[in-house]
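For reference, TrEMBL has these:
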- 37-287: domain 'G-protein coupled receptors family 1 profile' (DOMAIN)
- 22-45: transmembrane segment (TRANSMEM)
- 57-78: transmembrane segment (TRANSMEM)
- 98-117: transmembrane segment (TRANSMEM)
- 137-155: transmembrane segment (TRANSMEM)
- 195-223: transmembrane segment (TRANSMEM)
- 235-256: transmembrane segment (TRANSMEM)
């Protein structure tokens with residue numbers, strides 16, 4: 001049957017009713033945490049003038065990207081947990097979800113590179129920081145991160161529009177990510193696979209190298225600090241940042257470049273959960289809630305609200 005399909009079937013994480021109820025509760029809590037914490041971070045940064053600096057400007061946009069990333073995936077996932085029968089999604093809706101997943105993922109990795117560069121300038125060239133990180137340049141950096149995300153998304157979405165889905169098409173995943181989507185197609189996947197591989201390697205490796213180089217210079221500078229306490233504080237901050245960044249890059253790059261021989265639906269979904277759901281939840285905790293200035297600003301806002 002070579003009739004082109006207008007609807008696809010998402011198999012999701014499980015069809016067991018008990019597990020569905022449990023996973024619905026777990027992912028609903030995670031999604032609410034992502035929304036609440038990131039929105040609070042954005043509100044605090046916007047309202048407290050003490051945080052009107054380049055670092056917090058980038059944190060504001062990282063929080064926005066994390067909300068977009070999680071929203072592209074989780075709401076549909078939650079709805080699917082409540083469906084008793086087959087989970088269907090229109091092809092156009094699937095393409096739209098895929099577009100926003102690519103946009104958010106591409107923007108996220110370059111935003112992390114921008115933030116690493118900002119810390120490099122602040123730690124390695126503190127006297128030139130104000131001059132180097134001007135307001136105009138910060139806008140350019142954030143605009144470039146969003147532009148790279150958009151380019152990454154367009155490059156991978158346009159070729160998929162020519163893919164054919166035939167017969168009873170099942171996607172062994174909980175969202176319309178491109179690898180499982182290509183596995184479910186019946187024709188026209190060669191160009192998409194080629195572009196996906198090259199774009200994931202080029203965009204992923206370039207953003208990772210930018211981040212890695214910044215952290216190498218930061219670590220080299222931190223090692224020169226005379227105070228052991230100062231070195232420990234700087235390393236604890238950098239290590240937590242780099243762990244989150246490393247997990248994001250390793251899981252995402254492996255997912256999008258791994259050979260078909262090591263692919264499985266369970267592995268794909270575990271990797272996807274890590275970089276599309278857990279990372280947006282961990283980012284605000286690592287980058288913001290451990291930050292002393294952020295906690296002080298939040299305390300000031302809470303005190304003001306008590307007297308209103």
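Cβ atoms here come from the backbone N, Cα and C positions, even for glycine.
98-117 is the stretch from 22-45, 57-78, 98-117, 137-155 with the greatest number of Cβ pairs below 8 Å to the transmembrane segment (195-223). Within the same chain, residues 12, 24, 27-28, 30-31, 34-35, 38-39, 41-42, 45-46, 89, 97, 100-101, 103-105, 107-108, 111-112, 114-115, 118, 138, 141-142, 145, 149, 174-175, 276-277, 279-281, 283-284, 287-288 sit at least 6 positions outside the transmembrane segment (57-78) and bring their C-beta atoms closer than 8 Å to a C-beta of that stretch.
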